[in-house]
Amino acid sequence: MRPSRVFKLIIVASLLVAAFFYIVKVTNKDEKVRTRDDEEDKGIDFAEEHKDFAEERNDIKSVIKKEDGEKKPEEDSSPQEEAHQQNEKSVNLSDRNPSSVQEMRSIINDVNFNQEVHNLDKFPKRPEEGIIIVVQVHNRPEYLEQLVKSLGAAKSIEKALLIISHDYFSKEINKIVESIDFCQVMQIFFPFASQFYPDEFPGQDPNDCPRDIPRDKALEIECTNAAYPDMYGHYREAPFTMTKHHWWWKAHRVFEGLKATRDHKGLVLFLEEDHIVSQDFYPTLELMAKLQQGECPECDIISMGLYDRPSNYQSVGDMVDVITWQSSKHNMGMAYTRDTWAKIRSCSKEFCTFDDYNWDWTLQHVSGRCLPSTLTTMVILGPRVFHIGTCGMHHSNKDAKCEVEKEVGYVEDLLRRNKPYLDPSGLYIKQRFDKSAVIKTMKPNGGWADPRDHRLCMSYAKMQMVGQNDT
């Protein structure tokens, strides 16, 4: 065979090999992109995937820079002047009737950017050690109304800053919040709730895979998240992801993003819309904070609620236990400082990628698998925070009536019978449990395997830079 012919055959073979590898590369391109772990490490900002929000963020940043350049220290307003200015410019949210999703997004983005604190005319200053109370609210006004009523009857509540964190825009709920007149109050909105993105991620995109479709069928029809069923073979359901997203976002927002709270050194108490509180919850929490500082510096979390509540407070009304935190027992009425938040935040990737749609089960996982030592809680044995929810996402009987008044009646009767044992002058540690005790590993519930959820969750830290003035 002639050398020139051999040379030509070599060239042809080389081209065929190159073409083969190119076809393989193109075929696998999407899968390679999806499996890059470094995307999750970087915590890609969800705003990059939504141009309209990214542009709005840039507009906000330019406004901030302009305002910072014009502001002079001697022009700072007094609390009274600030209250007067806010009263002049405020428009009640209950009077807003957005006609489109885009208008609704615009309203909640304005609220989040303005960070308006209401009732400054009545409560112009709070004590530095005043407790911040954050309530996560969805769309159960009948419960929220009872919580607000119990907070309004609580002693020393005027010291608090109450932050209502919404993931649903509702005229009825806004009216309830606007009725609060017993302390400073602020509203914030989780900006990526399903209501604000009804037909696209983070809501339920029409092209997302149905929950129970087999993976091979999902790959065949090429639905958006076909490659990512959870550990049980199910695909993402947007409503079930919202609570965990909201919980993580609001913690970032309160500790890092709000001007009114980001320098707060004291406790932040986290409640939910279907909780109510005792009249002495605030001074009792102050006593727990004092006991924590003096006798339990290792306590990361204060727990003010118990699901197995005693019927008689006589022997436990002024007692606490120190124990390893467990999500199924100590997730109600949790209070902690930014030091504890810093510990939890250091495990952001573990929190944001763990295949469980529940924030509390995920936190249990973080405590046992990521932190240097498990979270320790100081729990009040005579609870001051109570769960009254009888219907909702985690209740098996979806047709059950929300017997709110009945549940409230149970709690009010309990507190009435135990009135002599409330308002303690001091608190005492009854028992310290061995921290080395092994907490049973909890099996994940799934529902959190989609990398879009992971990336959105990881991006919240970056988002808190929006709206902050350079100092």
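Yeah, the Cβs are placed from backbone N, Cα and C, and that goes for glycine too.
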Checklist outcome for this item: Correct disulfide partner for Cys347 among Cys352, Cys370, by TrEMBL, is Cys370
Next on the checklist: What does TrEMBL give as the disulfide partner of Cys352, choosing from Cys296, Cys299, Cys402, Cys457?
Outcome noted: Cys457
Checklist entry - Taking just the CA atoms, what is the gap between Cys347 (disulfide bond) and Val137 (substrate binding site) in Å? => result 25
Checklist outcome for this item: For substrate, with binding residues Gln136, Val137, His138, Asn139, Arg140, Asp167 per the record, max Cα distance (Å, no decimals) returned as 11
Next on the checklist: Spatial neighbours of Asp274 (Mn(2+) binding site) among the recorded positions Val137, Arg140, Cys299, Cys370, defined as Cα within 10 A: which are they?
Outcome noted: Val137, Arg140
Checklist entry - Looking at the recorded positions Cys223, Cys296, Cys299, Cys370, His387, whose Cα is closest in space to that of Gln136 (substrate binding site)? => result His387
Checklist entry - Other than its own, how many Cβ atoms are within 10 Å of the Cβ belonging to Cys347 (disulfide bond)? => result 18
